[in-house]
Amino acid sequence: MALKVLPLHRTVLFAAILFLLHLACKVSCETGDCRQQEFKDRSGNCVLCKQCGPGMELSKECGFGYGEDAQCVPCRPHRFKEDWGFQKCKPCADCALVNRFQRANCSHTSDAVCGDCLPGFYRKTKLVGFQDMECVPCGDPPPPYEPHCTSKVNLVKISSTVSSPRDTALAAVICSALATVLLALLILCVIYCKRQFMEKKPSWSLRSQDIQYNGSELSCFDQPRLRHCAHRACCQYHRDSAPMYGPVHLIPSLCCEEARSSARAVLGCGLRSPTTLQERNPASVGDTMPAFFGSVSRSICAEFSDAWPLMQNPLGGDSSLCDSYPELTGEDTNSLNPENESAASLDSSGGQDLAGTAALESSGNVSESTDSPRHGDTGTVWEQTLAQDAQRTPSQGGWEDRENLNLAMPTAFQDA
């Protein structure tokens with residue numbers, strides 16, 4: 001089988017070689033009769049190639065039997081042909097390339113004409129007496145036998161305005177780097193300003209909370225219905241089980257309806273008149289006292305005691321002083337003192353010396369009873385109030401009411 005395949009391959013290879021030899025012989029036989037400037041026409045005869053005039057050349061090569069379709073065409077740019085003939089157009093001379101001035105431009109029929117050497121260049125003279133076309137630099141020091149080098153002129157090279165791609169890429173990289181740096185600086189500035197703002201924000205928030213809190217404390221005074229009543233200072237002393245010389249909480253007097261009515265019923269903004277005490281029933285008065293001191297004293301004064309600064313009590317005890325606002329009450333700040341208010345009430349009613357003495361004793365009893373329980377303080381204040389009313393009203397009806405109230409007061413406190 002292998003012997004049969006091998007002769008088949010040899011047969012195909014031999015046939016291909018014979019075909020190539022036949023083609024080569026045929027080509028050589030067809031063109032072998034024509035010379036360099038001849039081509040063979042359709043009849044098989046050798047014909048002379050066309051000749052073109054100045055500035056013209058054949059469109060394709062002609063000779064040795066080829067170039068039957070060649071035609072004369074103008075010379076290509078930067079090429080010229082001065083005479084008739086079979087030759088092709090020649091390239092024009094470049095005067096700048098040989099460091100010479102250009103006197104005439106190149107055309108299809110004439111070559112460019114170059115002049116003298118550029119300043120700083122000279123033409124070498126050959127041994128046969130001819131000079132080279134190319135001008136060479138004079139060098140430093142210049143040759144003394146060349147006149148062009150003695151009048152050397154310093155030339156300044158003008159940079160090209162067209163930037164290269166490399167310069168463009170470099171400029172783009174530099175601009176990108178600058179933009180990145182500026183963006184980073186901007187981000188750092190924003191972060192710094194934000195931190196500064198966050199550091200200063202707590203103090204601002206505390207101020208706003210203080211303003212908000214003060215506004216909430218004064219909200220009860222903004223009610224239109226309070227314009228018809230005169231606000232008085234309401235002073236109430238409260239004794240706690242804290243040690244001596246404890247803090248005193250200053251809170252505003254929240255003159256709401258319930259607190260104001262209860263305060264007027266018992267202590268009020270100052271002491272009430274004897275006529276009012278005579279008109280009230282001792283039993284109802286006894287019932288009102290625990291309710292007032294249990295609800296009003298604990299709820300109002302204890303609720304707002306934390307919102308006001310601490311002040312040391314010189315008498316050695318914890319007292320809750322409910323200050324009123326002068327712009328709302330229209331009274332002097334001295335009215336906050338229970339001694340002054342009690343004295344003023346007694347002086348206005350009768351101006352008696354005994355009433356002043358009772359007021360001083362009342363203030364002394366309050367300061368001395370700091371170690372007693374809360375109900376004891378309430379009873380002491382109530383007894384002082386009744387004593388002052390009794391001194392101002394020596395009438396028989398007033399003494400009877402005072403005795404009835406004194407009898408009803410211990411019973412009410414024991415029930416509480």
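Quick reminder: no glycine exception, Cβ is built from N, Cα and C everywhere.
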Record feature N-linked glycosylation site (Swiss-Prot), assigned residue among ASN105, ASN214: ASN105
Candidate cysteine (CYS117, CYS149) that Swiss-Prot pairs with CYS138 in a disulfide: CYS149
CYS114 - recorded disulfide partner, Swiss-Prot, among CYS95, CYS106, CYS135: CYS95
From CYS25, CYS29, CYS72, CYS75, partner that Swiss-Prot gives for the disulfide involving CYS52: CYS72
Disulphide pairing with CYS34 per Swiss-Prot - partner from CYS46, CYS49, CYS62: CYS46
Second cysteine of the disulfide that Swiss-Prot assigns to CYS75, among CYS62, CYS89: CYS89
Among CYS34, CYS62, CYS89, CYS106, CYS114, which are recorded as disulfide-bonded residues, the nearest neighbour of CYS135 (disulfide bond) by Cα: CYS114
By Cα-Cα distance, the member of disulfide-bonded residues CYS62, CYS95, CYS117, CYS138, CYS149 nearest CYS89 (disulfide bond): CYS62
For CYS46 (disulfide bond), the one of CYS52, CYS62, CYS72, ASN105, CYS114 that lies nearest, given that the recorded positions are compared by Cα: CYS62
CYS92 (disulfide bond) versus CYS72 (disulfide bond) - Cα distance in angstrom: 20
Alpha-carbon distance [CYS62 (disulfide bond); CYS52 (disulfide bond)] in Å: 12
Integer Cα-Cα distance in angstrom, CYS92 (disulfide bond) to CYS75 (disulfide bond): 11
